[in-house]
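What follows is a single structure, written as structure tokens, with notes after it.
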Amino acid sequence: MSQRPERLASLDVLRGFAILGILVINVRAFAEVSTAQLNPGVMGGFEGVEFWVWFVSHLLFEYSFMPLLAALFGAGLVIQGERLGAEGGKVDRVLRRRMGALALIGLGHLVFIWYGDILLLYAVVGLVAARFRHLPPTRLLGWALLFYLVPFGFALLMTGLLNWLPAGEYESFRQQFWSADSALVQQEIQAYRGGWLAQFEHRLMVLFESWPSMLLTESGWRVLALMLVGMALYRGGFFSGHWPESPYRRLALLGFGIGIPLCQWGVLYNMSHEWRMAESLYAGRQFNIWGGPLVALGWGSLVMLALQRGLFSGLLERLRALGKLALSAYLLCSVLGTAFFYTGERFEATPRLVQLQFILAVWLMLLVVAPLWLRRWRTGLAEWLWRRFAYGEERG
């Protein structure tokens, strides 16, 4: 019982840290066409400062902070199960209601605000992940590796198919999905420089056409694996802060020492192939998909070391406050991002250096506002709404 507050404090700090990091990647999706998330030079402007802003975010943030947040979500499922069990509640039933409520919030976010929502994905996958929460760490890690290999196998299969396509079919596919002048890219630009209704129609298209395949072939499996890793880390005591410093130092060195070079290798691979679709669409992303979680481990270990040593205590307290408001902060970032980049024809017209300035401004605002909010209210608006949806009444 004595460890519970400390453990939860570390999770809140890490959640706040993850919210800041995820914004770095989400801003690119707010500001740029979907194809540019996979082929960053497709619309031009991929040199000088523009390249280096992308490069740093790619190495240190992309495929790193989503794994960190997914792992924290998995750890949270175990904690919720333990609490509900201690209270004598019907654990599985309550967890299903919580995931159902989160799915409703995520669906509303996806349809009405931003197509890049992760809440619906986390809710659906969380229902599956919750079934594994009683397993010991070694079995959780074994299942996680197995699930993570599923989209890897799919990527290998698709890479082979792309390379075996006849030249005419390959070129047609490339023009449709990988080219700046493709109809899909132009349609997206028109939608997000146009009115809300056109954007709404595009988001519906994503929901019904892209989201199911993403869930079943790629992101769903990876998120499930990462949630199980988070459960294993929680059960192993990683988040408790009671480990000696040396394991955290070793994990930080391991995560950064392997993850960052692997991600950098991926950049070199893609650049050497000139970001051709056959090499970069699936195979070229695997470097970050495997290296990113290691970078996330490095970040998480550094934060735990800072907590242990009492470093940056003022900043960590602000991150802790932000972590308590993680759901509200995530949604607020979407509102701010879409309001800024979807107006004034800024979509696909905002340099990455300006995107970076937007990120820094929002970071500052979140770190200032979160502690002030909690001085007056005990929870965020979205967190309150989640509890209302899940339980039908406010819970403390």
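Glycine residues also receive a Cβ, built from the backbone N, Cα and C atoms like all the rest.
Automatic prediction, not curation, is the source of TrEMBL annotations.
Taken straight from TrEMBL:
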DOMAIN    233-392  domain 'DUF418'
TRANSMEM  12-31  transmembrane segment
TRANSMEM  51-79  transmembrane segment
TRANSMEM  100-125  transmembrane segment
TRANSMEM  145-165  transmembrane segment
TRANSMEM  251-269  transmembrane segment
TRANSMEM  289-307  transmembrane segment
TRANSMEM  319-342  transmembrane segment
TRANSMEM  354-374  transmembrane segment
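Sequence-remote contacts of a segment are chain residues at least 6 beyond its ends whose Cβ falls under 8 Å from one of its Cβ atoms, and for the transmembrane segment (51-79) they are 7-8, 11, 14-15, 17-19, 21-22, 24-25, 28, 40, 95, 118, 122, 126, 129-130, 133, 222-223, 226-231, 233-235, 239, 259-260, 263-264, 267, 288-289, 291-293, 295-296, 299-300, 352-353, 355-356. Cβ atoms under 8 Å from those of the transmembrane segment (12-31) belong to residues 37, 54, 57, 61-62, 64-66, 68-69, 72, 114, 116, 239, 299-300, 303, 307, 316, 318-324, 326, 329-330, 333-334, 337-338, 340-342, 346-348, 350, 352, 355, 358-359, 362-363, 366, 370 of the same chain, restricted to positions at least 6 beyond its ends. Here the domain 'DUF418' (233-392) returns a mean pLDDT of 95 for the predicted model.
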